[in-house]
Amino acid sequence: MSIHIPLPIPTHPEASSPSALSEKEQALYDVVYEHFSAADYTLPDVNQEKAALVVDEKFWLSYECLLRYLRATKWDSNEAIKRLEDTLKWRRDFGIYDTITPQHVEPEATTGKEFLFGYDTRGRPALYMCPSKQNTEESPRQIHYTVWMLERGIDLMGPGVETLALMIDYADKAKNPSIGTARTVLNILQTHYPERLGLALIAHLPWLLHAFYKLITPFIDPLTRLKMVFNPVITNNGLFRTAVDAEAWSANSESRVFEPDQLVQEGWNGSQPFVYSHIIYWEALVKLCEERRSRMVAAWHCIGGKVGTKEWEVKIAVRDEAMNVQVDAENVLAKNDQLQS
């Protein structure tokens with residue numbers, strides 16, 4: 001029987017909390033934190049009537065977010081502040097919180113050219129891209145849709161997870177976007193989503209399309225290039241970076257990137273019979289992400305609702321709430337069974 005909806009978010013009972021910072025790192029973090037948490041803070045070079053941070057922006061400025069920008073700037077606190085403020089302005093201008101809605105981007109989604117499904121062995125959400133299913137002409141909305149899907153992938157990250165796995169399948173005579181579109185998307189990812197790409201798996205890449213990647217490689221930062229794996233090896237045991245990893249794999253090794261039950265069958269040889277049915281999948285994804293984000297914002301408010309709140313604490317609170325609800329439901333069912341027996 002086919003599956004048409006996203007897989008549930010792993011509970012990650014073994015996930016570990018953020019590691020402690022060194023004395024120097026803590027001092028640099030404090031500089032960035034104090035800048036954005038100041039009671040009178042306003043965004044520079046913005047109309048004063050709209051310069052104060054809104055709730056969504058304070059929620060976005062988490063402990064982990066500040067650290068991602070610090071790491072991306074090699075722990076230059078002033079540069080991290082500048083980049084964070086640039087991204088805050090970009091998110092407003094680009095329409096993250098208002099323009100780029102499910103209704104706006106849905107025409108791009110009807111063929112399933114991008115979808116979220118499953119998680120790799122590190123709990124990273126898998127964002128699939130299928131260029132052969134392109135259904136629209138190049139336009140700003142295509143880029144809006146890619147960013148919207150990236151934001152939904154972030155919504156579906158469990159405790160301790162900050163990155164996603166990008167899965168690009170070039171089967172079925174897929175075509176590349178233009179160099180201009182590719183550069184725009186790359187610029188957005190590298191500038192406004194630092195430390196968000198965990199791995200990029202590019203499957204069934206014909207030799208003719210290697211030229212395209214050679215053309216855009218100069219625009220990809222060195223760290224991102226290291227995360228790109230071309231034509232990964234897929235076996236009955238799952239997905240691996242290389243043939244050597246696949247041959248050396250055992251139940252106790254960590255070389256496997258995806259287990260079969262987290263991979264789709266089509267194009268990736270997984271065990272999940274996922275088939276994209278837009279009417280079913282789209283409603284399920286939008287509902288899943290909206291409900292999860294609502295729970296995370298509620299948990300954030302309960303914790304204090306401040307800049308610098310840890311994503312870890314927010315996600316653990318949401319996870320534990322969901323697990324408690326599940327336990328309560330199971331207890332109710334057990335009592336009903338006892339009463340009926």
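Cβ coordinates come from backbone N, Cα and C, glycine included.
Under the heading domain 'CRAL-TRIO', TrEMBL lists 116-276. According to TrEMBL, the feature region 'Disordered' maps to 1-20.
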The region 'Disordered' (1-20) resolves under DSSP into 0 helix, 1 strand, 19 coil
In the domain 'CRAL-TRIO' (116-276), averaged pLDDT is 91
